[in-house]
Amino acid sequence: MEELIGLREGSSGKPVTLQELWGPCPHLRRTIRGGLEWLKQKLFRVGEDWYFLMTLGVLMALISFAMSFAVGRVVRAHNWLYREIGDSHLLRYLSWMVYPVALVSFSSGFSQSITPFSGGSGIPELKTILSGVVLEDYLDIKNFGAKVVGLTCTLATGSTIFLGKVGPFVHLTVMIAAYLGRVRTKAIGETENKIKQNEMLVAAAAVGVATVFAAPFSGVLFSIEVMSSHFSVWDYWRGFFAATCGAFMFRLLAVFNSEQETITSLYKTNFRADVPFDLPEIFFFVAVGAICGILSCAYLFCQRTFLTFVKTNPLTSKLLATSKPLYSALAALVLASITYPPGVGRFMASRLSMKQHLDSLFDNNSWALMTRNSSPPWPKELDPQNLWFEWYHPQFTIFGTLAFFLVMKFWMLILATTIPMPAGYFMPIFIFGAAIGRLIGEALSLAFPEGIVAGGVVNPIMPGGYAVAGAAAFSGAVTHTISTALLAFELTGQIVHALPVLMAVLMANAIAQSCQPSFYDGTIIVKKLPYLPWIRCRKISSHRVIVEHFMNRAITTLAKDTPLEEVVKVVTSTDSAEYPLVESTESQILVGTMQRAHLVQALQVEPPSWAPGHQQCLQDILAGGCPMEPVTLQLSPETSLHQAHNLFELLNIQSLFVTSRGRAVGSVSWVELKKAISNVTNPPAPK
């Protein structure tokens with residue numbers, strides 16, 4: 001029975017329910033309901049992006065801080081156990097080894113048992129999604145819990161496994177952004193907008209970096225360089241606003257927790273500001289960039305080769321397919337055994353945390369000069385005031401420990417990247433680059449103990465500045481980004497080495513980008529994710545390659561006058577997702593496309609009775625309501641390869657039809673583009 005309605009006395013005539021008329025305080029309830037409706041409209045209609053991005057930044061800052069807080073407590077408990085367990089080497093080794101092995105095994109098993117998408121960094125898959133490819137369930141909110149728990153366990157292993165937080169946290173942020181976007185569309189009753197969703201996902205990637213390093217500027221630039229091939233300047237403010245909210249809240253929570261007195265940089269340095277470097281040192285900074293570029297090529301090649309080997313080797317592939325926690329435990333056992341401090345770890349500064357690694361490497365004092373006439377003892381326990389003691393050994397010296405650290409971490413990082421668990425790989429390569437720069441800086445300070453004379457003034461060399469340049473150059477070369485230079489400045493709070501660091505990053509990128517794909521692109525290749533590579537060949541001859549040279553000419557068209565019997569044959573003999581629709585068999589003028597699913601559904605419907613002698617054709621199906629999509633964009637056979645490539649990347653499309661004077665003559669998809677790019681970059685040998 002329908003509810004009775006009536007009119008309120010003295011009202012404008014709008015009917016109300018009798019419950020509203022006779023309920024208690026009807027005027028107050030109607031006022032509150034109206035106020036809530038007004039608030040809803042204001043929140044979601046007037047600048048709704050601001051609320052969305054602020055919520056995203058604050059929420060991810062809270063999650064990042066809570067994760068760091070929990071990880072700090074677990075690491076502190078591990079260090080306490082290692083200190084208090086006694087002098088027995090066996091017990092100390094077990095206490096050092098069991099923690100990371102158990103945490104890594106649990107991280108791998110728990111995250112993989114919930115969803116296989118939670119492992120790894122997440123950035124390669126995000127690049128694929130933002131290029132227009134649909135990866136089912138990858139951004140589902142159910143992955144969030146698995147990734148949070150798994151990443152927390154990974155970070156709790158400390159510097160033993162030597163993995164970071166950036167990549168997975170970017171994935172987490174994008175998942176939350178996608179979820180909040182769905183909530184927003186449901187709340188205001190809008191249809192899902194794919195373009196707006198991608199804009200928010202790129203902004204979310206910036207928030208992920210900003211809430212890890214408290215670096216909003218480099219967070220935005222890093223997300224643009226890594227995630228997007230084309231970026232709209234209109235989206236700039238979204239990224240900066242969300243990243244600023246996240247970075248501010250992240251550092252504010254540190255102040256509230258009495259970790260910092262005020263909002264400051266994470267790895268604060270005290271470099272000399274008046275004359276941080278002499279002009280001749282520019283050459284050495286560029287040399288640091290060149291060395292980092294060469295080593296990054298070696299690292300990228302070895303990492304991609306070893307990852308391919310692990311996936312194709314019968315033993316390791318079977319182990320990864322049937323028992324991921326066992327493989328993770330074995331890898332963690334190897335890494336933990338090598339980093340055991342009284343053993344080989346003594347020569348790798350293994351007692352330092354990842355933050356302490358950077359704090360010590362960015363020290364502006366020269367360790368080589370400080371130990372030239374004295375030999376400081378290796379403390380039994382870690383000395384927070386003299387972290388550089390961990391890098392010194394009387395027989396190995398500073399140079400020996402730094403070189404040994406680089407050699408060992410080179411292959412240990414590659415091994416760690418194969419462990420199937422949530423983990424970030426940016427922070428380890430950042431520290432690795434800092435060690436490269438530190439080694440070169442210490443060598444220069446020993447070669448020029450009084451400094452390099454320039455204009456009659458002598459200024460001592462600061463190895464910490466070379467460590468900053470090395471960190472930015474190596475991480476930038478591995479990821480093919482320039483924003484790592486700005487990230488180094490935001491992390492240290494000083495920009496005194498702006499010019500030499502930027503020159504080092506540019507030199508490293510020039511070498512790496514000409515020889516190897518980036519770390520994320522290499523992972524995409526190994527995982528066989530769909531992607532569209534860059535056209536690295538910029539020769540004049542490459543601009544002469546046109547669509548007519550590489551398009552797919554074997555396309556199956558459906559004409560409006562095609563008999564239904566022929567249509568059925570085409571649908572059953574091919575597996576195309578869509579078919580080009582032409583005006584007639586004779587003209588072949590392209591008028592639209594038809595989806596296979598819609599066509600099959602229309603053919604299965606019982607056809608109406610037709611007049612005698614009438615032959616049913618595709619036009620009758622269209623007249624019966626089968627949807628046809630117009631073709632709004634098409635290529636010409638004269639379109640160049642570069643133009644077609646830019647169009648595909650800019651619009652995130654998978655395929656386009658090729659028409660000549662309106663006639664459908666072929667199609668171009670990612671397959672044809674990738675083959676054409678490969679032929680241009682690596683021309684086949686003449687027969």
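Every residue gets a Cβ built from N, Cα and C, even glycine.
According to TrEMBL, the features are:
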- 50-72: transmembrane segment (TRANSMEM)
- 93-111: transmembrane segment (TRANSMEM)
- 161-180: transmembrane segment (TRANSMEM)
- 201-224: transmembrane segment (TRANSMEM)
- 282-306: transmembrane segment (TRANSMEM)
- 326-345: transmembrane segment (TRANSMEM)
- 396-419: transmembrane segment (TRANSMEM)
- 425-444: transmembrane segment (TRANSMEM)
- 465-489: transmembrane segment (TRANSMEM)
- 495-512: transmembrane segment (TRANSMEM)
- 551-609: domain 'CBS' (DOMAIN)
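The transmembrane segment (50-72) and the transmembrane segment (425-444) are not in contact, since fewer than 3 Cβ pairs between them lie under 8 Å (pairs 6 or more apart in sequence).
Long-range neighbours of the transmembrane segment (425-444) within the same chain, counting only residues 6 or more positions beyond its ends whose Cβ lies under 8 Å from a Cβ of the stretch, are 121, 162-167, 281, 284, 287-288, 291-292, 295, 299, 354, 357-358, 361-362, 366-368, 398-399, 402-403, 405-406, 409-410, 413, 416-417, 461-475, 478-479, 484, 519. Cβ atoms under 8 Å from those of the transmembrane segment (201-224) belong to residues 53, 56-57, 60-61, 63-64, 126, 129-130, 165-166, 169-174, 176-178, 231, 235-236, 238-240, 242-247, 249-251, 265-266, 481-484, 486-487, 490-491 of the same chain, restricted to positions at least 6 beyond its ends. Across the candidate stretches 93-111, 161-180, 326-345, 396-419, 465-489, the maximum count of CB pairs under 8 A to the transmembrane segment (282-306) is reached by 465-489. Ranking 93-111, 161-180, 465-489 by CB pairs under 8 A with the transmembrane segment (326-345) puts 93-111 at the top. Helix, strand and coil residue tallies for the domain 'CBS' (551-609), in that order: 19 helix, 16 strand, 24 coil [DSSP].
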